[in-house]
Amino acid sequence: MHDLKALRADPAAFDAALARRGLSPVGQQLVSDDEGRRAALAALQEAQGARKALAKEIGLLKRQKLDTAEIEAKAVALRDQIAGLEERANTIQTRIDDVLKSLPNCLDASVPDGKGEDENVVVHVRGEKREFAFEAKQHFELGEALGLMDFPTAAKLSGTRFVVLRGALARLERALGQFMLDTHTTEFGYSETSVPLLVNDDAMYGTDKLPKFAEDSFRTEDGRWLIPTAEVPLTASVMGEILPADALPIRMTALSQCFRSEAGSAGRDVRGMLRQHQFTKCELVSVVKPEDSDAEHERMTQAAETVLERLGITFRRMLLCAGDTGFGAAKTFDLEAWLPGQKAWREISSCSNTRDFQARRMNARYRAENGPAFVNTLNGSGLAVGRTMIAVMETYQNEDGSIDIPEVLRPYMGGLNRIG
């Protein structure tokens, strides 16, 4: 949600921010609507005052046993006027709210202009692409040949975009999640949290998933939502709160199942585990004071990078351009892993600073020196477990189809150093 007071002060600047995302100007119309709303509220207050005065006068006349018919008629007229003004103010407010709810976050000045992912900027590359003496296979070729990645059974059970992992691959998935949690909790101070996988409308709206992304999520018959990411319950845990200043920063992490309908993804990544309806992800969320937001964004991104570095996965950090930055983000870094089997860079983490965009939607504040102020919220993947497993499989594959286990994962694998 946006600050209407700031918008009123400079609607042209607001429209310029929207233009960076390729959106049409709405600032002046919002200001005009807000002026109409304020005028209706002022007239409403005046009419309510007049009606209150008439009520006193009617009471006085009745005590004196005098005729009140004329004044009561005025009171009835005022009642109807008040109802009309209330309806007008509410109608305008709803119109303003509907527009504001539909508008994405304003981008940071440091976000480069651009229309899509081809115009994202490489910040740095870590590691070297492994050279193979054989033709590297894709993860699903490796997994199926080992008999440990079963798509037909998953399709029988649930349809497309699901997988059944067996044996050592199932254990590898679990090991990766545990390794991520251990890294983030012991080295970066995130508090491990177990969260519900079902949330209500308020949690989804507050974390900018509703109304825009309703089609991308699964809704149950009782109106709750399967979480598309643990960002939703972690961030929404401070919804409606006024936090003590000394409680910040709050850093939380959760390893959870995530559920996405993948609406609009028909024909994309149909083979393998890259794009699924259900997947495991280690999520990072920070709640901070506004002045600490930029440093926290860098810290969070480095935490995600640390996992990739320890695993020996070649990756690059990308600064997303205006046209590729998500709806709720002011600035986003993506981490893309090199997949030798695909011969392509693929997103494995996305770390975003939403500034106070989510906080305004959630009414999440802290006790600042001059009164309650909105917190800043940040979220990031630390990492997507399935995609990290894909990177491990393709990076550490051998010519015979076996897969070496990265050294840091071996304690989580009972000392196993190779699959296959």
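From the backbone N, Cα and C atoms, a Cβ is placed for every residue, glycine too.
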Listed in Swiss-Prot for the L-serine site shared with T229, A230, E231, E283, one of S158, S350, S381: S381
Tertiary neighbours of E231 (L-serine binding site) (same chain, Cβ under 8 Å, six or more apart): T207, E283, V285, N379
Which same-chain residues, if any, lie at least 6 apart from E347 (ATP binding site) yet have Cβ under 8 Å of it: D334, L335, E336, R387
R260 (ATP binding site): secondary structure state under DSSP, collapsed to three categories: coil
Local backbone state of T229 (L-serine binding site), from DSSP in three classes: coil
